[in-house]
Amino acid sequence: MNKSKVALAISTVLILSGCGGGGSDKKELEKPAPDVTTPTAVSKVNLQVAVSDTAALQNATVWLEKKTQRNNQPDADELRAVTGQDGSVTFDSVPVKDLDNYVLMAEVVAGKASHQGRNTVHGNYLMSAPLVASLVAEQAGKSAADTASHQVELNPLTSVIELHLLQAQKEGKELSIEGVAETVALSLGLAEGSGAALLASYTKDDEGRSQKLRQAAASLVYSDALAETADDFITKLSILLSNAEKIAAALKSAAGDEIVLLDATGNLLTLSTLDSDKDGVLDDLDAFPHDDAEWFDTDGDGIGNNADEDDDDDGSPDTADPYPMMPKDVVDTDGDGLSDKYDADDDNDKVPDELDAFPLDATESADADGDGIGDNRDTDDDNDGTLDTEDAFPLDKAEQWDTDKDGIGNNADNDDDNDGYDDERDNAPLQAPNKPATLSACVAGLPALGGEGESALDRPNSRLYQVSRKMATSGEIQNYTQSEIDVDVWTGLPTGQLADRQIKVTQIAGYTPGEEYNDYHPTFEHEYTDAHTGEYLGNRETFRNWWSINVDSSPYVELELGKVTPRWVDRLDKHAPETPVRHDKLSTEYLGKDIIETVMGLREVCVVQQSSEMVLMNNQDSQAENHHPVAKVVEQRKQYLDTDNLAQRVEVSYLEYDPAAEGSISWGYTDYTKDLVGAIIDNNAFGRDPVTERGSPLDQPVSLAQCLAGLPDSGYTVSPDEEISYLVDRFDLHDLSRRLGVYTMIPQAGENTSWRGHEGLSQSVVRGHFDSGTYSFNEVYYKNAAGEMVGFEGTKNAGDTVVWGQYVEKMTPWSAVAGAYFLPEVSYVRGLLLGDHPERHRFEQVTSTVFTGRVLEWDKVSETDSIPACEVNRRREVSFYQKDGQPVLDYYGEPLIEITVERDTYDNHGLIYRSRHHSYTSYHETWNRY
């Protein structure tokens with residue numbers, strides 16, 4: 001007897017201990033009672049397939065064979081897996097209702113597959129097992145979950161059952177799995193009712209029946225009674241069944257330590273299970289019965305397979321041989337009459353064996369990822385984790401996607417969406433930005449700013465820009481920050497223009513770090529835009545050193561991509577304050593989209609370019625002969641607008657030319673860039689704070705309140721009726737006279753008082769005298785509950801008649817932030833003058849107040865700058881009007897404007913020192929607290 005031929009697939013014979021799991025006699029710890037749930041029939045199962053012959057099989061390929069396309073080999077669209085160390089695989093979430101459509105199959109390849117922890121098998125064969133949805137559902141039972149786990153056995157005995165079912169199908173009969181299993185059990189001499197044991201793990205059955213089942217499984221495998229090829233299920237079906245029946249009949253009389261062997265000539269042999277060298281291989285099948293390191297010698301060269309690097313001696317090393325125990329000269333894979341040994345294309349798939357990753361499989365020729373699964377069946381050829389159906393480069397592990405379909409994978413492509421922006425500076429590198437046809441559509445379609453910003457509750461919307469520009473005449477490079485803070489929406493302007501427009505008012509204030517002590521009144525400007533359309537309407541510096549108002553303009557036209565849109569405006573400014581001048585050399589063009597780096601990350605923006613050429617005219621009166629050009633202005637502006645027209649970046653060239661000297665620049669700047677570095681938008685903060693992080697010195701408080709809180713007298717509260725006295729020195733610059741006096745301030749002189757129709761007012765008092773008491777006065781100030789000045793009235797020399805005072809009719813904050821370092825706090829007041837002043841009936845007052853930091857104030861006792869204090873600078877301009885509304889004129893016939901400039905220092909007790917200069921009366925006075 002040829003032992004190598006007979007022993008087709010063995011590593012351990014009759015492993016009586018089996019491959020099942022063990023139990024435990026330890027009691028489980030008590031567990032809390034689970035929540036009560038209502039179990040229902042599961043709709044899906046995690047199908048756990050246990051593959052074995054005489055023991056659990058590792059490295060066997062298992063798949064769910066579709067009955068509708070049954071060819072008994074794994075196809076690309078069929079679920080498959082390779083068994084692990086425990087000889088099992090799991091197919092997750094298989095719908096129970098679909099199980100009737102499948103048959104379980106496994107391929108065992110000699111030299112590849114092995115028994116659990118033991119030797120490789122010695123033959124090639126296929127096994128199968130039936131699946132029935134109703135049976136699985138019944139065994140899986142009910143569960144509170146939708147999916148349950150269910151174990152299915154796949155072994156030689158389930159294969160025999162499946163062969164009987166296949167034969168019945170061929171004959172047009174309908175047989176049940178349970179009925180066939182019972183028939184096979186009876187053929188083995190088992191008691192009635194033993195059929196179910198064939199579908200379960202025979203290693204876990206009762207010992208007597210388990211012994212018989214293991215004998216049957218081993219006998220089937222060793223007798224070559226299982227299908228070797230996919231075609232055997234068709235061409236050799238009756239032979240396989242006949243051989244199985246012969247083996248079953250012989251097993252009835254076999255002893256418990258024997259197996260039955262059906263050799264190639266059809267003879268039945270009975271073999272003892274004696275294993276002298278305890279290597280797990282019966283002596284009768286062991287080529288080296290006394291060498292526990294060897295048991296097979298497939299090629300009969302005297303070298304055991306474990307030591308032999310070419311077991312079948314066909315010239316192919318076992319590691320590269322798909323069938324390491326079957327010589328090529330006895331195999332003709334493609335049936336072309338030429339043995340594989342001499343055939344250059346063993347599987348006849350038109351790919352030479354030397355180039356074929358699967359030379360014996362006509363359905364496969366390549367294995368790009370080297371995982372042992374051919375590319376045709378492999379759903380991920382390059383094993384990069386992306387299915388071939390979704391992989392633009394299924395054979396390139398380094399690439400998966402090609403967004404722009406340019407043939408370059410995204411990993412290697414620097415511009416994945418081919419939008420002209422490198423990925424590293426593209427906010428959406430996998431999506432090319434579209435270019436809407438109009439600017440409004442462009443802005444409306446921009447992505448939201450997102451939730452990156454930190455919370456900033458109860459703060460007005462504001463922006464902080466870093467500005468750089470080159471002055472045209474000097475070449476000086478100026479760098480500063482610019483805060484733009486939304487103040488309010490007004491109906492018309494205080495000056496009366498644009499009365500029918502809703503105007504968004506924005507406070508603009510520049511700050512140049514290091515320039516604090518050169519300018520105690522930093523620039524403050526209002527910008528006016530239409531609250532609904534965003535149209536620019538004009539601007540105004542606090543005290544009208546420059547201003548302009550567009551009182552009329554060309555009708556609104558939707559800006560279209562790439563189309564230059566001409567515009568005109570009728571403008572008032574300080575050169576033409578009453579009669580507007582038309583400027584018609586203006587144009588705007590919507591250029592499309594760009595992607596720029598911003599404080600909010602890479603952002604898509606809409607780009608708008610504006611060009612203007614204006615001749616500023618002196619147009620102070622109606623006499624045409626007095627009209628003459630003041631300057632020619634040429635401006636180029638490009639804006640990069642984010643959502644809600646947020647300007648992320650602005651680039652400007654602004655030049656004013658002398659009209660008397662053509663080409664001569666009188667003022668202006670170029671290379672102007674304004675980049676957003678911080679913002680508060682809808683209570684979310686991005687980047688730097690537009691108020692507290694403008695670049696102020698680190699040793700300075702960011703606000704007046706913070707400054708006062710840091711002084712030595714922090715926490716002090718002024719008491720009601722507490723008096724604070726000052727020595728006052730007033731010097732008249734006209735007659736060079738000096739007057740000395742004493743002022744007394746009572747910050748809290750009364751509460752809940754009434755005055756001129758107002759109720760619930762707080763009251764403070766300032767009284768004083770000059771010239772040793774020969775002249776005295778008393779002023780009473782009134783504020784409402786919001787802390788706003790309602791007015792004041794003054795008397796002199798102990799009289800009751802109001803000699804001077806103000807009654808406020810309207811107070812408008814022109815700024816949205818109070819008390820921030822070097823950020824002007826501006827207000828506008830309009831009202832009536834009190835007292836007997838026939839030529840002055842009404843007034844308008846603009847006040848700019850600036851907290852300019854912490855200082856050391858002069859101490860009169862030590863005569864040193866040693867009192868910690870908080871400094872505030874203030875500038876006030878007042879215009880006066882007669883009863884007929886005409887302005888009060890000065891000596892030169894110009895509208896009278898009185899200017900007061902103050903420098904105050906404070907601690908928590910109140911005012912420490914004041915220096916005040918009044919322009920109209922030309923006096924200068926100081927207050928010193930004592």
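Residue positions begin at 1 at the first shown residue.
The backbone N, Cα and C atoms fix where each Cβ goes, glycine too.
What TrEMBL records for this protein:
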COMPBIAS  307-316  compositional bias 'Acidic residues'
COMPBIAS  332-348  compositional bias 'Acidic residues'
COMPBIAS  364-393  compositional bias 'Acidic residues'
COMPBIAS  394-407  compositional bias 'Basic and acidic residues'
COMPBIAS  413-425  compositional bias 'Acidic residues'
REGION    293-436  region 'Disordered'
The compositional bias 'Acidic residues' (364-393), counted residue by residue under DSSP: helix, strand, coil: 3 helix, 0 strand, 27 coil
For the compositional bias 'Acidic residues' (307-316), residues assigned helix / strand / coil by DSSP: 0 helix, 0 strand, 10 coil
Secondary structure tally of the compositional bias 'Acidic residues' (332-348) (DSSP, helix then strand then coil): 0 helix, 0 strand, 17 coil
Intrachain residues whose Cβ lies under 8 Å of the compositional bias 'Acidic residues' (332-348), provided they are six or more past its termini: 314-315, 354, 356, 358-362
DSSP helix/strand/coil residue counts for the compositional bias 'Basic and acidic residues' (394-407): 0 helix, 0 strand, 14 coil
